[in-house]
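To start, the structure under review is shown below, and the notes come after it.
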Amino acid sequence: MTDLIPSAVLPWIPLVMVVLSLAAAVAIFPMGERRVRLRSWVNLSAAVAKVLLVVLLVPAVVAEGTRPEFSVPFLPLGEGESIDLVLRVDPLALFFAGLSALLWLLTTIYAIGYLERGSDRSRFFGFFSLCVTATVGISFSGNLITFLVFYEILTLVTYPLVAHWGDEKSLRAARMYMRYALSGGVAVLIGVIWLTMYAGPVDFAEEGGAEGVAALAAESPGVAVTIFVLLVGGMGVKAALVPLHSWLPSAMVAPAPVSALLHAVAVVKAGVFGIVRVIDDVFGIEVAEELGVLGPLLAVACFTVLYGSYQAMRQTELKKRLAFSTVSQVSYVVVGVSMVSALATAGGVVHLVHQGIMKITLFFCAGLFAEVIRAHTIGELRGAGRRMPWTSAAFTVGALGMIGLPPTAGFVTKWQLGLGALDAGQGWVVLVLLGSSVLNAAYFLPVVWMLWFAEPEGESGEAPDAGASDEAPQPEGEPQREKEPGALVVPAVITAVATLAVGLGAALSFAPLQVAEAIAEAVFR
Amino acid sequence: MTTAEFSLAGIVLLPLLASAVAVLLGSRVRAVLGILTALLICGLCTAVLIQTAAGGITELALGGYEAPLGIRLRADGLSALFLCLSAVVGTVVSAHAAILPASAGHPGFWPLWLGCWSGLNAVFVSGDLFNTYVGLELVGLTAVALVALGGRDSWMPALRYLFVAVLGSLLFLVGVGLILAAAGTLDMEQAAQQLAETPEAHAAAVFALCLMSVGLVLKLALMPMHRWLIPAHAGAPGAVSPLLSALVIKAALFVILRLWLWVMPLDATTEAETGLAEGLSTALTALAWTLGGFGALAVILGSVMALRQDRLKPLVAYSTVAQVGYWFLFLPLLLDPEAGALEGQPGTTLAEDAVLSGALSGSVALALGHGVAKAGLFLAAGLLKELWGTDEIESLRGAGRRHPLLILSMGLCAVGLIGLPISLGFTGKWHLATSAVAAEHWWIIAVLVLGTLLSAGYLLRGIAPLLLQDAKDPQDQEHDAAQDADASAESPRRQRLAEVPAFVLGLLTVLTGFLAVGIDALMGVGAPW
């Protein structure tokens with residue numbers, strides 16, 4: 001299989017993948033507003049190329065164990081040495097990069113449709129590509145410094161996306177986001193500096209943490225714990241761990257594709273991905289366990305799972321409900337990796353992808369509801385199922401996945417996490433998982449019920465925003481089927497199908513679960 | 001005479017000559033001459049840079065007379081770095097002034113700026129203290145005149161600036177006299193040697209250092225002495241403020257670095273027989289801590305003041321005040337460069353001077369990064385003021401729609417000023433923080449964290465409203481009308497072109513972030529350890 005990519009080219013591929021979306025951004029920024037076709041073409045071809053590269057890398061990295069690596073000297077460190085910017089492809093990196101490449105493609109299609117008549121599209125798509133550049137950089141980071149660099153870049157390039165509409169509300173949300181993310185970034189920076197000075201430059205080690213860190217943990221555990229708290233706390237801001245989550249629901253003012261990307265791959269996931277890296281590849285799970293930091297983290301994550309669900313239940317606005325649902329769902333990953341068990345780690349890692357696919361489906365649908373029938377609150381979704389069947393079906397699949405019903409992806413995660421909890425001797429976590437499922441059901445099922453079974457309200461138009469129904473006068477009582485724009489509905493349906501597919505095909509080789517299990521096994525060696 | 005030696009004389013004399021010639025020319029030709037000179041300076045700087053990067057210190061004894069009799073020009077790593085900064089920023093800003101003559105305020109800009117440039121380069125390559133004084137004086141006086149180009153409103157600030165500059169120079173000159181008396185030479189290298197060998201001269205040297213530091217700090221506008229800077233930098237014409245903030249204050253910083261690290265016998269503190277006497281050592285420590293403390297104060301209070309500004313240019317000026325503070329944080333580290341915290345840790349094993357060199361590289365990286373980024377930000381702010389007739393943030397709402405490139409440049413510059421990766425600001429903070437951790441100076445970390453967050457706050461406050469899009473439509477049209485009226489004076493194409501220099505500086509802010517390793521290597525050439 002090495003024939004697919006000559007080995008001389010291999011080290012350059014991670015760089016190419018980062019540069020690909022960067023180049024797309026650079027090409028898009030100066031384009032005129034009206035050059036829709038050219039812009040879409042550049043965007044889509046870069047996205048497709050990225051997906052192809054990931055597919056090419058999978059056999060070499062996962063099956064054959066090669067680790068393509070690219071590095072440039074970045075920061076000097078003492079005599080003639082330096083800390084490098086390292087891009088390295090290991091299975092976990094590829095796992096995350098694959099998710100971001102695939103969802104970038106779908107979200108780009110969606111966004112092209114969504115912003116058809118919008119303004120500032122060149123700026124939007126430019127920063128969108130930059131956002132993906134940062135995400136890919138994060139996934140390929142081979143050491144903490146590289147991670148930090150891309151992590152901060154991600155913070156910056158997301159700001160214009162959140163502030164895209166340019167009204168007071170967006171700017172306020174963006175400012176809040178910036179405040180949270182920068183504070184988190186500074187915490188991570190301090191942690192990295194401290195760790196570098198005390199334990200040497202830290203490369204991500206696939207197999208159980210870096211040596212220097214283990215030595216530091218043995219020598220002065222107090223410092224090691226402080227550094228762990230700084231790193232995980234800083235990343236916890238992006239990962240929206242309670243109590244650091246408030247920025248996420250307010251960032252909902254961003255355009256739907258941005259929310260979708262933010263919640264599924266970019267910002268929130270970057271935070272969680274970082275936490276996975278810190279626990280598994282910097283400290284090593286055994287060292288972290290000895291330091292006694294995993295217990296408290298697990299408790300925080302479990303609390304976040306329940307609290308997020310509880311808050312989600314109290315929201316009447318669909319996007320807000322989804323946002324709190326993200327707070328809850330993303331913490332599953334942290335729950336998984338903070339239990340000392342290969343099964344649990346695999347469950348946590350696989351949820352990186354599973355949650356991404358499911359949540360992006362839901363956000364695509366939320367955007368569709370908002371665009372087509374101007375439905376922003378749950379109440380306005382009455383009877384939408386008959387007006388927008390495809391969207392509603394996709395939404396239903398996503399919602400069922402979130403609840404964790406078989407045969408969706410969500411079920412696989414929860415099953416795996418439950419097994420892991422028992423394996424790690426933390427039976428109470430199963431109760432948390434069950435409780436969360438009940439809560440998930442409690443806030444998603446009413447929406448699904450609204451979609452399919454609630455009678456649409458009369459045309460009196462109580463809903464404040466029922467403007468769209470004016471355009472298409474409907475016969476009394478019989479809801480008319482709306483036209484669902486293809487560019488918007490197709491990505492949603494694809495991700496919905498994927499939600500089912502990764503659930504059903506979890507046992508196939510190269511399925512997310514299998515890759516996640518391989519990664520987890522490497523962590524426990 | 002090698003190329004590098006020739007260049008060394010050239011970068012000082014060429015702009016001086018050009019300045020004199022420019023007075024005789026018409027205003028249009030002046031711009032052409034200015035650009036030509038700038039390009040030539042870039043070429044000459046490259047020659048010096050190449051020589052230095054190869055590990056050689058470039059020296060030139062003018063007229064063949066060696067020190068202490070003659071005047072020696074000398075370029076080591078530190079000089080080369082600051083020369084490059086002045087060459088790059090100077091050229092880009094000159095291009096801006098040439099594209100948009102209005103931003104220069106007055107045709108008098110060219111001779112004054114070229115004279116100032118000559119002074120800057122003289123300071124950077126000067127090998128003896130008197131020459132440094134002359135260079136500083138040239139820079140100071142031309143800078144005052146440049147401020148005054150802003151029109152009647154900027155005369156008061158210019159006058160205030162003049163007093164400060166003259167007072168600073170005076171203190172510096174007294175210090176130079178003291179060192180001459182104590183060491184018997186003005187040449188820095190020889191003076192350093194003399195001072196290290198003769199303990200009797202230490203008292204005079206420390207006193208001189210105090211005087212000179214205070215004088216230079218006045219010119220640098222360190223916190224309690226910062227008041228003059230705000231109206232001067234904010235009130236100067238669009239093309240002048242970037243030069244003042246990015247380059248002019250760097251001359252004083254450069255001299256401070258030279259004095260503290262190259263001239264003073266700090267090494268002697270460790271050796272018993274030639275060491276500083278108890279009292280002197282205390283005095284020196286007190287001075288270092290005072291300046292470091294002022295630096296911390298500047299970072300925090302300067303940022304808070306910047307947060308409270310309603311106008312763009314004063315905001316940027318206060319940001320300069322805040323950033324100046326960063327460059328003084330390393331002084332307390334100088335006197336206590338033991339990597340105590342790392343004893344017995346499994347981590348990085350540091351070379352003996354790693355704390356010192358790291359702290360110095362960090363401060364220099366911060367200063368260089370600030371030069372590029374602040375020039376870009378001031379250029380953009382000045383251009384916005386030029387185009388919209390005001391720099392009140394409230395009335396600039398929505399300016400981003402008309403000038404996306406300008407806002408992008410401001411964003412890139414902000415990255416450097418906040419110290420986010422990838423930029424020299426980040427590199428500098430990294431260096432400074434690692435040294436602080438190694439030497440257990442935790443307060444530096446606290447200042448860096450606060451400074452970073454506050455700077456993000458004020459820059460966001462300045463830039464974000466420009467992105468607002470809810471500007472009322474009629475108002476928008478009014479602006480359009482005003483714009484069209486303006487446009488008759490300067491063609492719109494020229495205005496578009498004028499956005500490019502700021503963008504170049506923005507790009508450079510980020511790209512220079514990759515040069516950290518090279519800068520560190522350059523700092524090692526002719527380093528004091």
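One-based numbering along the chain as shown.
Glycine is no exception: its Cβ is also placed from the backbone N, Cα and C atoms.
Per TrEMBL, the feature domain 'NADH:quinone oxidoreductase/Mrp antiporter transmembrane' maps to B:126-330, B:358-455. For B:6-25, B:32-57, B:77-100, B:130-149, B:161-183, B:243-263, B:283-303, B:315-335, B:355-384, B:405-422, B:442-460, B:502-523 (among others), the entry in TrEMBL reads transmembrane segment.
Relative to the transmembrane segment (B:6-25), the listed stretch B:32-57 leads the set B:32-57, B:130-149, B:243-263, B:355-384 in CB pairs under 8 A. By the count of Cβ pairs under 8 Å, the stretch nearest in packing to the transmembrane segment (B:405-422) among B:130-149, B:161-183, B:355-384, B:442-460 is B:355-384. Look at the domain 'NADH:quinone oxidoreductase/Mrp antiporter transmembrane' (B:358-455): DSSP puts its residues at 82 helix, 1 strand, 15 coil. Remote same-chain partners of the transmembrane segment (B:502-523), defined as residues 6 or more beyond its termini with a Cβ less than 8 Å from a stretch Cβ, comprise 52-53, 77-78, 80-81, 88-89, 92, 96, 357, 360-361, 364-365, 368-369, 372-373, 375-376, 379-380, 383, 405-406, 408-413, 415-416, 421-427.
Count of Cβ pairs under 8 Å against the transmembrane segment (B:243-263): among B:32-57, B:130-149, B:161-183, B:283-303, B:355-384, the largest is for B:355-384. Across B:32-57, B:130-149, B:161-183, B:283-303, B:355-384, the stretch most heavily in contact with the transmembrane segment (B:442-460), judged by Cβ pairs under 8 Å, is B:283-303.
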